[in-house]
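Input: a single structure, listed below in structure tokens.
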Amino acid sequence: MAPGSDMHSLDALVQALRRLPGVGVKSAQRMAFHLLQHDRQGAEVLSRALHDAAQSVRHCARCHTFTEGEVCSTCLDPSRDASRLAVVETPADQAALERTGAFRGLYFVLMGKLSPLDGIGPKDIGFGKLLERAGDGVVQEVILATNFTAEGEATAHALSETLKARGMHVTRLARGVPVGSELEYVDLGTIAHALVDRR
């Protein structure tokens, strides 16, 4: 992988970079070579930032998103509409909804989606915790804002069936979001319209 057989640190860096989504061997090598050849100070800053984030960022006790405290600032915000709960797959999806400014409710972040082929079932993405949160007596509407991929649709369907069976009002983002897309890559106007036109 790296030139020479004594480059264990470089090989380890390339392998670590390959763990990032969408990064293959060549991209990882380019990044590693760039950091070591042109930006050693940037490499140190990146290393410290990764270490600090890994040590201090955890899951919110209420919504499961990332936070440095026990409970995230969104869950603690008294101006939020606690009667509306948007269910998203990832913190990136939550951030995409927040950037629209069209949603002032609260969130529940699944940290994944159902994927039976990969062995990911309801327990793996916090169905139980979501049911507890949605059934707290405060939540009046659960908005399913999972992605419009096959797994996201399956997750939304399973959640919808389970929540409706418990007498909860469930809506889904409108189809203004293109099928096969992921929220963090959709333009803000489309997301805002999808929220307003949800069914």
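Every residue gets a Cβ built from N, Cα and C, even glycine.
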Name the residue range among 60-75, 124-139, 156-171 that Swiss-Prot annotates as zinc finger.
60-75
Take every residue in the domain 'Toprim' (83-178), average their pLDDT values, and give the whole-number result.
92
